[in-house]
Amino acid sequence: MSHRVNDNPENMATDISRVASSRRYSENGLPYVHKVGVPPKTNLLKEITETVKETFFHDDPLRNFKDQSKSKKLLLGIQAVFPILEWGRSYNFSKFKGDLIAGLTIATLCIPQDIGYAKLANLDAQFGLYSSFVPPLVYAFMGSSRDIAIGPVAVVSLLLGSMLQQELDPVKQKHEYQRLAFTATFFAGVTQFVLGFFRLGFLIDFLSHAAIVGFMGGAAITISLQQLKGLLGIKKFTKKTDIVSVMKSVFAAAHHGWNWQTIVIGLSFLAFLLVAKFIGKKNKKYFWVPAIAPLISVILSTFFVFIFHAEKHDVQIVRHIDQGINPPSVNEIYFSGEYLTKGFRIGVIAGLIALTEAVAIGRTFAAMKDYSLDGNKEMVALGTMNIVGSMTSCYVATGSFSRSAVNYMAGCQTAVSNIVMSCVVLLTLELITPLFKYTPNAILASIIISAVIGLIDIDAMTLLYKIDKFDFVACMGAFLGVVFQSVEIGLLIAVAISFAKILLQVTRPRIVVLGKVPRTRVYRNMQQYPESTKVPGVLIVRVDSAIYFSNSNYMRDRILRWLTDEDEMLKETNQQKIQYLIVEMPPVTDIDTSGIHSLEDLYKSLQKRNVELVLANPGTMVIDKLHASGFADMIGEDKIFLTVADAVMTFAPKMEP
């Protein structure tokens, strides 16, 4: 390692003074070392208040209200609930042009997608359009993201449909099924609203990025497999979603259930959609090509079916979509009875997945445009729109990544693009729905496949494998769970593996042996710096975690085992035995009663071996608790140092050769 020589006289003088000060000696002849500072005592109420503040109000959401008049506070409060009142004051025609173009563009994409996603949820086609009319309007007034496009999404539609049909038959019990869907949507909204209102958004972070990547990829495969029914014209199809059951159903219908006209229509337009997506991906200027391709596919395929009467050749078509705006559904929600708890369970799960997707999308585009996004406000907005949606015949809506990406590239400026999209959907419901009568189901299947194929993120999976093998295992566990079992099982595996990783990191913290880096007074991990050397008679370790009841016993046992192994190795080579154990503690952010008891047990075990325990640089919380418990007095305050170098400098001269 080379060191650059500093020729600046002033800097050289400063360095010399620093060296001199580090070599000062106290009156008794020992090297001077700075004592570890003990923080002033804080009362219990203040400590609890600060902890709660950091947990729930770390972003200080009330800072704008300080030193304001009552009328100003009221205005700020209303603006906090309805951000449109804040940014709307600076809205102008230039911004509206961008929002108008973006809104019209995402409307052409969402209309055919909504019809397909509704079928994915086993609901009539109009419910998908309903869910792109009311929820985006509510979000536009309450949401803080400028780029997110609201509506039904494939993963949530599949999840909702698969869970609902386990309770009710969507064909034989159609009305009850719809009521349960509204009930689940209501509780999905309540879940999202409660998490945001009580600032509990950090709970969704427990679902790791790796698990989400695997879950989304598996869901994309499952959704695509489900579309084989429409793509191949199969009438009798399994209700199961796992790949084995689906492929059995597909091949069982191969000889008599496939329709070649449907296959030609479906595959032709699927190829067209994929080519359009490729063009848009290759050249960002042509973002509008994949955006309008689904609507063009619907128009052309509907025209061909109508002209050639393909429905008479067993080509399955949409047939009917109810015309008109959303009918009220407040009285349709189950607020009592056996379906209340079922709707609540389904709603909570669907709401959390929808929330995770929307927040991830919002944060992504906010980072790209460099503006802040309040996650808790987003949750309140999403929850409110789903609660209102459940009362207006909508099912769970959230942020769509494909539509949000198109919205962003189309030049959206604010959430007004959602209002424009909503108005186009309104016109569609009022005027155009009868024209979808002859739309073939194969086209809807093609549109869904082309939309969800982007959820299979191979690059992200490869990166996970390179960076963290455990993350990759979590990703593949969720992926395989969805593909070979069900969406719910895959989700359960994703959550289980995420928690398993947290528990593993908490219960088995990293503990490393430190050595002295050559030509420095720095002590670092010997695995990272193989050239570093051990200090004779001293074992230096660092605990890279807070010490709690969950890992305190492991910490004590691991250090003692290291000490035993070190002594055995030294005995074999006739070297000086270990006399001092130095524990570096900067990464130990906190310690509880169990942790202190383990340190006491470690101290007693070391005494029996004639080894002194020395601590280096404990943090504020730790040193405070060490003094409060009396442990600092037990080992002696002269055994607590500011740095490892100070501890070694103090005790190395005392060691016998």
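Residue 1 is the first one shown; counting continues down the chain.
Note that Cβ sites are derived from N, Cα and C of the backbone, with glycine treated the same way.
Since the structure is predicted, the reported quantities are computational estimates derived from the model, not experimental observations.
Here TrEMBL flags 528-651 as domain 'STAS'.
The transmembrane segment annotation in TrEMBL covers 180-200 (among others). Same-chain neighbours of the transmembrane segment (180-200): 56-57, 121, 123, 127, 160, 163-164, 167-168, 329, 332-334, 339-340, 342-344, 346-348, 350-352, 354-355, 375-391, 393-396, counting only residues six or more beyond its ends whose CB sits under 8 Å from a CB of the stretch.
Per TrEMBL, the feature transmembrane segment maps to 206-225 (among others).
The feature transmembrane segment is assigned by TrEMBL to 260-279 (among others).
Positions annotated as transmembrane segment by TrEMBL: 286-308 (among others). Nonlocal intrachain contacts for the transmembrane segment (286-308), taken as residues 6+ away from its ends with a CB within less than 8 angstroms of a stretch CB, comprise 105-106, 108-109, 111-113, 265, 269, 272-273, 276-277, 279-280, 315, 317, 406, 409-410, 435-436, 438-440, 442-443, 446-447, 450-451.
For 344-368 (among others), the entry in TrEMBL reads transmembrane segment.
Here the transmembrane segment (380-402) has long-range neighbours at 81, 109-110, 113, 118, 121, 123, 127, 130-136, 138-139, 142-145, 148-153, 156-157, 160, 181-186, 188-197, 326-330, 332-333, 347, 350-351, 354-355, 357-358, 361-362, 451, 454-455, meaning same-chain residues at least 6 beyond its ends whose C-beta is under 8 angstroms from one of its own. What TrEMBL records for 380-402 (among others) is transmembrane segment.
Sequence annotations record features per position, and here TrEMBL assigns transmembrane segment to 408-429 (among others).
The annotation transmembrane segment is assigned in TrEMBL to 441-465 (among others). Nonlocal intrachain contacts for the transmembrane segment (441-465), taken as residues 6+ away from its ends with a CB within less than 8 angstroms of a stretch CB, comprise 112-113, 115-117, 119-120, 154-155, 210, 213-214, 216-217, 219-221, 223-224, 227-231, 233, 262-263, 265-267, 269-270, 273-274, 277, 294, 297-298, 301-302, 315-318, 401-402, 471-472, 475-476.
For 477-500 (among others), the entry in TrEMBL reads transmembrane segment.
Same-chain residues lying 6 or more positions outside the transmembrane segment (206-225) and placing a CB less than 8 Å from one of its CB atoms are 120, 154-155, 158-159, 241-243, 246-247, 352, 356, 360, 448-449, 452-457, 460-461, 464, 468, 471-472, 474-483, 487, 490-491, 494-495, 497-499, 501-502.
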